[in-house]
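Beneath this line is the structure, given in structure tokens, with notes to follow.
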Amino acid sequence: MSWSSHPPSVIFYILSLLSSACLAYVATRDNCCILDERFGSYCPTTCGIADFLNNYQTSVDKDLRTLEGILYQVENKTSEARELVKAIQISYNPDQPSKPNNIESATKNSKSMMEEIMKYETLISTHESTIRFLQEVYNSNSQKIVNLRDKVVQLEANCQEPCQDTVKIHDVTGRDCQDVANKGAKESGLYFIRPLKAKQFLVYCEIDGSGNGWTVFQKRLDGSLDFKKNWIQYKEGFGHLSPTGTGNTEFWLGNEKIHLISTQSSIPYVLRIQLEDWNGRTSTADYASFKVTGENDKYRLTYAYFIGGDAGDAFDGYDFGDDSSDKFFTSHNGMQFSTWDSDNDKYDGNCAEQVGIGWWMNKCHAGHLNGVYYQGGTYSKTSTPNGYDNGIIWATWKSRWYSMKKTTMKIIPLNRLAIGEGQQHQLGGAKQVGVEHHVEIEYD
């Protein structure tokens, strides 16, 4: 590309036309489909792409202004070079005989002029390369803007009709999922519940053929959700509740909601932990009288006793062989919840900060179902940022260096545990409270 073949005025004119073609698209609630905030993104919307288009256009306009400035500098430098060449041509007369006393002076002047010409030629070449690069960037950005506008048009066409929610939320409501099942609900899925002294919120209820209604508050499936969250996020909950019985999303219901459910009834709740390894083997661990206190007590976890389950009682701690006090300092009963920005554990440091994830920490843990998701299960000290076991672990079933493939944490009133599912053999200590037959749940 030569400078003479692309006059600056022409390039400026082209750039001006291209810049004026970037029209801003302002997204409002009138021209976007606004979905109910309770659900995930189940309907197409133009708002996100429109916002991105506006931001992207601002960046392109800035690049254009920079390009115009560079072109202006190049034009000035080129004009200076042309004037210099013209002056050389005028001063040079081949017919005039050289005077001996002027030879040295003329030689110096010629050398200086040649150096100036070479300098300007180098500068022009550099600016031409910059112009070519910026032109390529501009062309690429222009094409991206065109593509985004096409997508906006497509989405606007799709949203001419009111968006239809594809999420099925059942009409039955109750204090928890067992109350929902008692009122006739027979299908697992999304339900609104309203615990005592609380506003209603959405939960996933797992309802079996025996009428047992489990309220699910944690799900790990595939590592698609990052559990490295702060205190507020763990309090409010994060992730998406699955609208289908397959349970195909990961989520944490929220510490405040878990507290409201687990402390509302005179009948205690059972916590069931379900685990699956990377070979498809499953196991469970059940805990009686599970509760989570309020935020003023840092959402402290408590339970009465371990009922049973082939996963073992990791909440009671585990002797890793590192120290004689391992089991005591890795137990979880009575521990407050900790996150990287709210240290409430028994360790001098911050266990949650070491692993980056919220949990009921001691010094630190024998079971951690919110841990880092490791594909394939096995990991080692060298694969962690600081050498600590930070996977999805349950030390009484698998090694601390084995991360589970799937986990579920769910609760149900204690008087339902022995009904169906062949759970009678797991009651163990539950017989101490005299639960031998079906009793409908009662609330204070």
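Every residue, even glycine, has its Cβ placed from backbone N, Cα and C.
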From the list CYS47, CYS159, CYS205, Swiss-Prot names as the disulphide partner of CYS177 the residue CYS205
Mapped onto three states, the DSSP assignment of TYR347 (Ca(2+) binding site) reads coil
Across all protein chains shown, the one of the binding-site residues ASP343, ASP345 with the most other Cβ atoms within 10 Å of its Cβ is ASP345
Given the recorded positions TYR347, GLY349, CYS351, CYS364, the candidate whose Cβ has the fewest other Cβ atoms within 10 Å is GLY349
Near Ca(2+): residues not in ASP343, ASP345, TYR347, GLY349 with Cβ within 8 Å of the site Cβ centroid are SER338, LYS346, ASP348, ASN350, CYS351, ALA352, GLU353, GLN354, MET361, LYS363, CYS364
Expressed in Å to no decimal places, the gap between the Cα atoms of TYR347 (Ca(2+) binding site) and ASN76 (N-linked glycosylation site) is 68
Comparing the Cα of CYS364 (disulfide bond) with the Cα atoms of the recorded positions CYS177, CYS205, ASP345, GLY349, the shortest distance belongs to ASP345
